[in-house]
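These notes concern the structure reproduced below.
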Amino acid sequence: MKNNKRYFILISLVGALILVFIQRLYIGIMQDYLIEKLGLTLRQLSNLSSSTLYGYAIMQIPVGILVDKVGVRKVTIWGMALTFLSSILFTYATSYTLAIVARFFIGVGTSVVVVSIMKVQALWFDKKDFSKLSSIVSFIGNLGMLLATVPLAYFISIFGEKNALIAIIVLTFMVLASVVLFVEDKNIEKEEQESRVFNSIKEVVLNKCTYPPLLIIMFFVSTMTSFTSIWGITYLVNEYSLSTIDASKYMSFLSLGFILGAFLVGVMDKVFKGDYKKNLKLFTFIYLLLWVYVLIIKKGNVNLRILPIIFILMGICIMFHLLAFTAVKDVNKLENSGVATATINMSEFIGSGILNLAIALLIDSNFSYSGSLFVIIIYSFISFISSLFIDKSNLDLE
């Protein structure tokens with residue numbers, strides 16, 4: 001029974017991860033409704049999406065400290081409760097200011113989930129299973145991303161945006177109840193619980209081996225965070241004159257890629273015998289080539305019959321960012337795992353927020369939608385270069 005307990009804990013947190021994706025991505029599907037309801041400009045809509053990312057990013061190091069100090073249970077209950085209340089506020093917001101505050105605190109609330117999952121994996125499961133378990137968790141969690149595409153678009157077409165937002169409130173409450181019922185902390189030694197907070201941060205930040213995986217998260221996965229949250233739907237609607245529902249169908253191929261990629265991470269980890277550097281070099285490079293093909297060779301207008309294949313391949317490549325978490329965990333001490341994970345996880349949302357702003361400014365400056373996405377190629381190039389510098393050979397953490 002004790003052995004089964006860890007699976008109930010992990011399943012509850014994976015349910016919260018599904019919610020994180022839904023909360024992060026529904027802005028793209030509802031953008032016309034929000035623009036009309038709140039009288040938004042495109043830049044304000046971008047800010048609305050980014051505010052969640054900023055709330056998420058700001059809390060990553062504090063959350064890493066908190067899960068190390070007070071435990072996963074208290075942190076996740078607090079986070080899901082805040083997400084629940086903020087979702088209610090956003091649903092009934094009547095002004096841009098109130099909406100952006102609500103979205104910011106949704107980001108703060110959902111910020112606890114990934115770090116908590118990583119902490120549970122580190123404490124409750126064998127170290128050798130970390131990469132495999134991360135890919136399984138991500139596989140299931142990405143169902144939330146799939147739900148936030150075609151299913152959500154169809155739900156909205158039948159019941160309307162307001163009822164969709166209410167359904168998300170109900171889902172958030174269900175996740176909160178699951179966390180209260182099932183999540184608990186593992187008993188560890190007293191001295192291990194006494195967090196060396198500032199020393200932990202100092203050790204992680206001063207560890208040069210932390211930065212290659214950090215930059216991969218910041219410039220690799222952040223591109224897809226931005227693309228799936230707002231710019232993907234916008235690009236497809238404007239470049240191809242698709243409806244929101246039809247655009248969401250194409251976006252769902254990215255989700256399919258994420259699901260396939262989560263499986264392939266484990267497969268390729270075995271192929272390269274646990275050498276995550278080789279995997280990260282390979283898949284950041286393929287990802288860069290895909291964007292070069294779409295934005296430079298095809299000038300943003302890929303044949304719609306080929307686009308699903310491109311999106312599936314992009315989704316597969318992006319899922320190899322999970323190995324950056326394995327890398328940063330391996331080059332930092334176990335007691336610093338929460339802070340280390342939080343530090344690089346934070347970089348994704350800083351990178352996404354900057355990318356959102358850059359794209360919005362380019363569009364406001366009369367660049368085409370596809371031309372504005374060229375920033376993604378720059379990001380992808382930096383992530384590939386970063387993968388070349390992953391190195392743990394000289395580290396002794398014993």
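Each residue, glycine too, has its Cβ placed from N, Cα and C.
All annotation found in TrEMBL is predicted automatically rather than curated by experts.
The annotation transmembrane segment is assigned in TrEMBL to 7-27, 75-94, 100-124, 136-158, 164-183, 214-238, 250-268, 280-297, 309-328, 340-363, 369-390. Summarising the annotation, TrEMBL assigns domain 'Major facilitator superfamily (MFS) profile' to 8-395.
Fewer than three CB pairs closer than 8 A are found between the transmembrane segment (309-328) and the transmembrane segment (7-27), and contact between the two stretches is not assigned (pairs 6 or more residues apart). Between the transmembrane segment (7-27) and the transmembrane segment (214-238) there are at least 3 Cβ pairs closer than 8 Å, counting only pairs 6 or more residues apart in sequence, which means the two stretches are in contact. Non-local neighbours of the transmembrane segment (75-94) in the same chain are 13, 16, 19, 23, 38, 63, 66-67, 101-103, 105-106, 108-113, 116, 162, 165-166, 168-169, 172-173, 175-176, 179-180, 183; each lies 6+ residues outside the stretch with a CB under 8 Å from one of its CB atoms.
Under 8 Å from some Cβ of the transmembrane segment (369-390) lie the Cβ atoms of residues 209, 211-213, 215-216, 218-220, 222-223, 226-227, 231, 234-235, 238-239, 276-277, 280-281, 284-285, 287-288, 291-292, 295-296, 299-301, 327, 351, 355, 358-359, 362-363, all in the same chain and six or more residues away from its ends. Same-chain residues lying 6 or more positions outside the transmembrane segment (100-124) and placing a CB less than 8 Å from one of its CB atoms are 6, 9-10, 13-14, 16-17, 19-20, 23-24, 27, 47-49, 51-60, 63-64, 66-68, 72, 75-76, 78-87, 89-90, 93, 130, 133-134, 137, 186, 188, 325, 329, 334, 337-338, 341-342, 345, 349. In this chain, the transmembrane segment (250-268) lies apart from the transmembrane segment (340-363): fewer than three C-beta pairs between them fall below 8 angstroms, excluding pairs fewer than 6 positions apart. In the predicted model, the domain 'Major facilitator superfamily (MFS) profile' (8-395) shows an average pLDDT of 88. Beyond the transmembrane segment (340-363), the same-chain residues lying 6 or more positions past its ends with a Cβ under 8 Å from any Cβ of the stretch are 42-43, 46-47, 49-50, 53-54, 56-58, 60-65, 107, 114-115, 118-119, 204-205, 210, 213-215, 217-219, 221-223, 225-226, 229-231, 324-325, 328-329, 332, 369, 371-373, 375-376, 379.
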